[in-house]
Amino acid sequence: MTAPAAALLSVRGLVKRFPGVTALQGVDFEVRAGEVHCLLGQNGAGKSTLIKVLSGAHRPDEGEIYWRGELVSFGNPTAAMRSGVAAIYQELDLVAGLSVADNVFLGHELSTMGFSQRAEARRRTRALLDLLGHPEISPDRDVGQLSVAHQQVVSMARALSLDGQLLIMDEPSAVLDPDEVRVLFGVIRELTARGVAVVYISHRLAEIREIGDRVTVLKDGRTVATGLSAREVKTSELIALMTGRVLDNVFPDRKPVAPDAPEVLVVRGLGDGDRFRDVDFTVRSGEVVGLAGLVGSGRSEILETVYGARKAADGTVEVNGRALRRGSVGAAVRAGMGLCPEERKSQGLLLDQAVYRNITVSSLSSFARFGFLDDRAERARSGRLTEALDVRPAGVDRVVRGLSGGNQQKVVLARWLLRECRVLLLDEPTRGVDVGARSEIYELIRELADSGVAVVVVSSDIEEVLGLADRVLVLREGRVVHDGPADEIDESRVLDLVMEGHAA
Amino acid sequence: MSEDTAAVAAHEQQRAPVGKDNGRGISGLLASPAGRNTGLVVALVLLCLGGVVTAGDRFADVDNLLTILRLAAVIGVVSVGMTFVITGGGIDLSVGAIVALSSVWATTLATQGIANDTHWIVIVFTALLVGGACGLVNGALIAYGRVVAFIATLASLAAARGLAEIISNRKTQIVNVPGFAAFFDASVLGVPVLVVIFAAVAVAGWVLLNRTTFGRRTFAVGGNPEAARLAGIDVRRHTVMLYTLLGLCCGLAAVMLVARTTTGSATHGGLYELDAIAAVVIGGTLLSGGRGTIAGTVFGVLIFTTLSNVFTLNNLSISAQAVAKGAIIVVAVLLQQRLARRSGA
Amino acid sequence: MSEDTAAVAAHEQQRAPVGKDNGRGISGLLASPAGRNTGLVVALVLLCLGGVVTAGDRFADVDNLLTILRLAAVIGVVSVGMTFVITGGGIDLSVGAIVALSSVWATTLATQGIANDTHWIVIVFTALLVGGACGLVNGALIAYGRVVAFIATLASLAAARGLAEIISNRKTQIVNVPGFAAFFDASVLGVPVLVVIFAAVAVAGWVLLNRTTFGRRTFAVGGNPEAARLAGIDVRRHTVMLYTLLGLCCGLAAVMLVARTTTGSATHGGLYELDAIAAVVIGGTLLSGGRGTIAGTVFGVLIFTTLSNVFTLNNLSISAQAVAKGAIIVVAVLLQQRLARRSGA
Amino acid sequence: GNTPQNQGGGNQGGVKVANDEPGKKVVIGFSAPAADHGWMAAITNAAKAEAGKYSDVELRVVEGTNDVNLQISQVETFINDKVDAIVLLPFDGAALTPVALKAMKAGITVINVDREFDSPFAARSTVLGDNHGMGVSAGNYVCERLKGKTDAVVAEIAGIDSLPLTQDRSRGFAEALASCGLKVSNRVAAEFTVESGEKAAANLLQAARRIDAIWNHDDDQGVGVTAAIKNSGRNEFFMVGGAGSANVMREIKADNGPHKATVIYPSTQGADGIRLARLVVQGKSLGDLVEVEVPRQVELYAPVVTKDNVDRYLPTAFES
Ligand SMILES: Nc1ncnc2c1ncn2[C@@H]1O[C@H](COP(=O)(O)OP(=O)(O)OP(=O)(O)O)[C@@H](O)[C@H]1O
Ligand SMILES: Nc1ncnc2c1ncn2[C@@H]1O[C@H](COP(=O)(O)OP(=O)(O)OP(=O)(O)O)[C@@H](O)[C@H]1O
Ligand SMILES: [Mg+2]
Ligand SMILES: [Mg+2]
């Protein structure tokens, strides 16, 4: 049996099993040359797994893959690359310690008789980075020192350097700011105009409407709909397909913060002597403060400094009126602070340990008597939280590494929910989280705030900052340039503020 | 390869998932702690079979088994401590030197006139103190001085052995404190005191690693120090505690060695670092940290000691022993991996 | 002294990247490869100063410098190979044993009647072949057998030494092939052949690690094997190549040692594993893989050999030397770290 | 301890020979393997003590090492330094031969101690312990005590098995035993350390249920062997030691342990080497000989020490 001639790639009945989980249980879809084919699905639906099968990183257990009408099996990534399939993985798989140019050409190095053609590699990398709108990234920089956003750009450059017929992007926009997403879309349009097909994965429906041609929806490892028109299909229909239920209002209603609510977190004149300085802000009990700014404006650094994970050079951080010792995470945690870090894999999770252990790691003493742990209580409490957060697949004994990105994020959140913090610092809390879970997380943040927690949220999604926060701080190059209630500012104004002096 | 990664990841679970989310029957059983060590158990049993076949009842004899256990005791105590350090993401090359230094310091006290009146327990405390102090220095160098563990403990290795030589003037110091020998040579219900100590340390180590906050933090610190730090664990203090714990184990091992040989010497503990690390790693503790098993370590120690016992019973040449040892190590590990993978699936 | 060392080092040193993207003034300079080794250079210079102060012109003498370099040559060649394996995320404990086995096998050929007619180059090839084969076995065990590198090479260590003892019947085998000694005892422009070989290996190693596809892939395999795999690199094949390369280096080192001692022996290369790993790690290569520097390794080797030379010249008590050695290692590493951190590398 | 008095060796008791009169200044370099066991430590200590007795000797002692490469470079340093003499106890005699030859060529007097070079031109004079003879002495003693017991079980606890000296000892032992119809039934090897001795012996005692005699190559490891024997509570055999530590001699004298004899392997060889080096450099001859030059080779005797003659040897024994 042959696939229709129009299809560049066609997939039938794909099944992929992991120990204990069947990630894909019958996926069918096809991609035509020159189209942007969007994959939608909740966290854990199997999108990334599908990508890995298509790019030769996983071998499928069942099913057929047709490439240009021919049955193929990509035994390894090289085979897929040779055929013209290039992928950007969700977990940015770059090698820290190697330069940008080296990463871009890793595995398909430019060389003469084994010797690297470094000048040529650098030149081509430069061109690719320019094309992607990032002339400021130096091809000689160590990738490990780039921000996540820049690393994402490098991954894209890498995929482009392969010059493939099919480009697969697994949540490329998760770490990009709106401006950069626009550049990315420009590149995608250029590619499709040349007949390159793009498989695009994102949890942001707006993006899919903007760039997509057709949509395939996965649920629990199965194709539930395929070939939908990206522009015409109704949002509610998509959400219903993905989640099996109907969601209406994404952002929960705000409750006005009581004017006499105590100022739980007070930051005064904070600076690290390098990336930011003179940062002042306060967060009241029950208030959600959003930090908006471009990638690289230093938001993560500020959060980490407030938390004591970086040592402040100037300024003070007070929680409930008591100043914290500088550079001490322990002091911050004891004072009731919690941080969900930006990079959950390297900063947040114990990847090879069970879910419940990741959740209880910050609250061990509350499960211990004379240092001895009550394992059963740990599991029970964690179980209730993961159920509430709908972590999938369920099971607190599962190793975190095997969870999908979005579910991993929920595990980190659960950790601080368990601790019942008074101040919660969230760095990109919904990165890689699906619409359904996203609204659950918003709901949760709101509930927390309503119960008196002071929350600080950093997000590159301006809509999210505005929708979620009571008050918005706008950052530019390490300084606070705006501080005001969220309902007195709109998206374009924020954009203006963050871009000021940038665009010019 | 990623399939295998997944299998390994599954294998890393500390406890078998119990209950509804895991009705996997035999495979569930295999994934239990006993199951995770199946390969090691099988290797040990095969080794014992080998012993019985080649050496008959000379091997399968209570005295011989006690001999094996006594031999295992000293290095076993060190290996249990080493399991903590390696699980916590570290390594310690100085254990043998610390054993030597502790033994020398403790026996210097005992061989000097002053000590004739003091109780033998002083020897024990001195050794523990010296061992603990060495561990503390190692830990501080690594955690606060930020010297790579490998290098820091390599330096300690050189320094501690040198110091031991200076203190002992490179002589073997013979202990004649009567109560000391009497205590450690005794048996409890037929089991030699040394073996009892080893068993106690192993059990205590298991409880500490698997049932306490300290153990849980050790896994966290070893698995992802940055995440542990951001989760509010004082990674550096914890690291210091890990090395100190190992130092204390070395001190205890020194006491046991002094009791066994009636001497303290700067040559004690030669190559313990390799033996201990090998036992720990063959037991299934990850050298890169974050995964550790005391039961595995105990099996590892027993495998190595049984091996040399069987060799000796068979009058094998040392060279042939070495070749066979290499082959057996590889087979044991392969066996362990194959079985662990099957049970993890 | 320092001029000479610097000259050797200059060979292997990457020229500082020039150009606009690195215009960071002094900090840019410090972040250059030369800068990254500042601490090591300073440590070496201090050591040399110590040598000059305590031993005057007995230290600062061409003959003495050549003595240091000759001493450095054998372990240096092994360390260069070790840099590749460690950068690629591995470890090899069997290097000393491989050196012994290669030396024994090669000299068995040379001491047997048949070989009297054959050219001495046969010795060289045999040693390389044996070393390479051992490395191949190590690599295959690790990459395809998936035995942890530490354990696999520990097993090889035991097996290879045992085999060497069996082959040599535990005798020291003396080589009398005339051309052989003549070749390796010669000097090129006043520089002994052994030192020339070391320099050549270091330069070749530098080029291989920093200027070839193979080198790039080594960093990738060590730094993030999963990413390397996704990038289409055959990680397992590459791993085998790394260990084989190290095995070849060990074979070469065996040839050099045979030339230096005119003997092959099962006791050759004792504890080379520790010496080589220490030199590599002190040089700044990460034990966890992904970062490696040949220049650093060369400095590491020179620091250790200069240290023992200065000790030799100063007639220090042996135990005090061990203590001092420990202290100096720590100081060197701290210095290196402080300076590297300041330079922002 | 190793007081200079009892390090002097046999020839000091007699006439105060002219040889001891201060002569021209002699710089001597001394290199030996790592002092990783008591005998080797005693070698170095004795050499130092001996040198300290002569105002005209300057001794340079370098770090003991088991790495032939490092030991070669130590000798090279001595050559660079133009010392007058080198006393060398090589880790491996053959491996250090080329550099010793180089030293001799450079006009330096090389005295080879204990482990022999493979070229007669590599040393001016050689002081050898008699390893083979040691085994023979031990074997003969065992034969004598077990006279007539043809089914006797003889066990051997060797030292570091990869060293040629261990094989020489074992060979001598086996030859002597063969002469009276015995053989070694069980053989284990330790590493010259107390701990390894204890370990090897513990296993050995399990391997052989009945033993009549044990020869242990080295009295350092013997301390551990004794501890293991005590632990096992066995006493059906007698034990012969090796090297001759003071400690074992005291036990022989007191006759309260398994040791009934030990075979001496003098730890004063290094000290003898120092003396010879000094004599050669100063152009003196060896005291009681008519010969005007220092002999090319001095092979030391390996006597058996028993309860009867222990008092004679105890003063020169080394403390392990
Ligand atoms: N290596 C693995 N081992 C075990 N299970 C895995 C592994 N990789 C993925 N899974 C499981 O497969 C399922 C699909 O995961 P996948 O990462 O494909 O989801 P996703 O759709 O990409 O989700 P997200 O939107 O959160 O990225 C999940 O249940 C996950 O737990
Ligand atoms: N370890 C590092 N060394 C050098 N530069 C770094 C390092 N980490 C980050 N940077 C740089 O600091 C800048 C800030 O990055 P960072 O990701 O913290 O910004 P941000 O405002 O938090 O943005 P985002 O929310 O996307 O993370 C980036 O330009 C990045 O290149
Ligand atoms: Mg995904
Ligand atoms: Mg950030």
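Glycine is treated like the rest: Cβ placed from N, Cα and C.
TrEMBL: automatically predicted annotations, no manual curation.
Among the ranges B:1-20, B:161-180, the stretch that TrEMBL annotates as region 'Disordered' is B:1-20. Among the listed stretches B:68-86, B:93-114, B:148-168, B:318-335, the one sharing the most Cβ pairs under 8 Å with the transmembrane segment (B:294-312) is B:68-86. Spatially, the transmembrane segment (B:271-287) is adjacent to the transmembrane segment (B:68-86); three or more Cβ-Cβ distances between them are under 8 Å for residues at least 6 apart in sequence. Using the rule of three or more Cβ pairs under 8 Å, pairs at least 6 apart in sequence, the transmembrane segment (B:240-259) is not in contact with the transmembrane segment (B:148-168).
Counting Cβ pairs closer than 8 Å and at least 6 residues apart in sequence, the transmembrane segment (B:318-335) and the transmembrane segment (B:38-56) reach three or more and so form a contact. Here the transmembrane segment (B:93-114) has Cβ contacts under 8 Å with residues 78, 81-82, 120, 122-124, 126-128, 130-131, 134-135, 138, 150, 153-154, 156-161, 163-164, 167-168, 173-175, 177, 180, 246-247, 250-251, 253-255, 257-258, 263-273, 276 of the same chain, all six or more residues outside its ends.
Beyond its flanks by at least six residues, the transmembrane segment (B:148-168) meets 90-94, 96-98, 100-101, 103-105, 107-108, 134, 137-138, 141-142, 264-266, 273 of its own chain at Cβ-Cβ distances under 8 Å.
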